[in-house]
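One structure is given here, and the rest of the page talks about it.
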Amino acid sequence: MSVDSNKERVFIFDTTLRDGEQSPGATMTLEEKLQVAESLDEMGVDIIEAGFPIASNGDFEAVVAVAKQVKNATVAGLARAISADIDRAGEAVRHAQKGRIHTFVSTSPIHLAHQMKKTEDEVIEIIARTVTQARNLIDDVEWSAMDATRTPMEFLKRCVETAIKAGATTINLPDTVGYAVPEEHFAMFKEIIETVPGADKAIFSVHCHDDLGMAVANSLAGVAGGARQVECTINGLGERAGNAALEEVVMALRTRGDAMPYYTEIDSTQLSRASRIVSAASNFPVQYNKAIVGKNAFAHESGIHQDGMLKNAETYEIMTPASVGIKETTLVMGKHSGRAAFKDKLKELGYELGDNAFQEAFQRFKDLADRKKHVYDADIVALVDDEVGSVGDRIRLVDMEVVSKTGGTHRCDLTVTIDGEKNSVSLEGTGSVDAIFNAIKAVSGQNPHLVLYAVDGVTGGTDAQASAHVRLEMNGRIASGNAAEPDTLVASARAYLNALNRVMIERGASAQGALAG
Ligand code: KIV
Ligand code: ZN
């Protein structure tokens, strides 16, 4: 973007792969993490927090793989204030062209008393020791004061001063529990930056959770108070109510540059694509009215709005759909469209698939075009996301027949492959969907708890594809699955299988439990 010399740069630190992925049910596979990292790197994110290396071998390998793949961004790995965590994070990010260790410790009285059982002096000693350890491994060290917004100012200042003296180059003051209000947040940053000795040697960072719906407002207030790094996630994914949404922070700074004299280096035309990639990888649908990237974010339904839009788009539009990467075209591929046209369409929608994935997607597109007259962009997006989201699934649907009788029985005959081997079962339920889910449980030998089941139309019309979402819980893990199909029952079965495959992926939870946000 063009840079106005009167504006100051704000660095974007994306934590979709760490704080975002920590959200229950948002677990991503390695391939999905790499795809997300690639899109973040391409759009100009400055720092990508790729994971929490000590949490499990899978997390460690993911941070290493992201570090090796990323071309432009700094790659950060998270570490508690524990020697083994810091070594492990250092080991993972040393593969990056630019690596960062991000270490944190709680500073609020409530965390000190109940979680850490430490005194203030002990915490100061821990900060000095662990930041020094990290600096001995790498030049770029970020230190975070967990629950900073509930920490008394004088103690917070001591902590920040200690971290900077020990060599921290970025100081992050998170609103871990989403408790702050903008005025307070502004004042906290301003006072710390203006009064802590050595504050000019570090970049200050804002990291807000959305428990009270103020994460973006608080982030922008932090910037006004002097922070020059914003920590955020695509689609606002994250623990509980989520983190500040990257797309909202970026577009707010871009659209209201008159009120906020700051800029980022993000290519905003890639926001819509990144949102789709993260939604598919995490299996978290984007709420329809979500700012910037929701399906309805640029839709004008009411007559008076439509009339104004036709006369001059600026009457009701403060930014253009194109500025966030939404293409005007919505139509139309059909059964006569060939490989080349399909490839062009995928490119236009922001997808580049490998040969195998392309073949699979093309075959599914052909099948869909045989059954459905018009194939819209939204259909293709659903189909490809579905394909990408089920790569690596161990249990796959082969065939299904459901017989349902009003007031009578509901039976599902199901055949799946498990690790390539065919298995069949026939089961009843209180309704068609219950019969399908019972059959899947029986054939897989798993008995997860169903947390959520929802079905939605990808486009309008009775021939629209159904998009099914399933969230399952098993052995303390939660995972989500999505699938789109013209047949609602098949979509439901595939979404259930997708979630089941994910909830069965082993994941070390040892260190994960220690994170609050
Ligand atoms: O919310 C938080 O405090 C965090 C830290 C680990 C930075 O995510
Ligand atoms: Zn957090």
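Glycine residues also receive a Cβ, built from the backbone N, Cα and C atoms like all the rest.
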Q: According to TrEMBL, H207, H209, N243 bind Mn(2+); so which of D14, D19, D434, D456 is the extra one listed there?
A: D19
Q.
As a test of reading the model: what is the averaged pLDDT for the domain 'Pyruvate carboxyltransferase' (10-272)?
A. 97
Q) How many other Cβ atoms are found within 10 Å of the Cβ atom of H209 (Mn(2+) binding site), counting all protein chains shown? A) 27
**Q.** Cβ packing number for D19 (Mn(2+) binding site), 10 Å threshold
**A.** 25
Q. Within 10 angstroms of the C-beta of N243 (Mn(2+) binding site), what count of other C-beta atoms is obtained when all protein chains are considered?
A. 34
Q) What three-state class does DSSP give H209 (Mn(2+) binding site)? A) strand
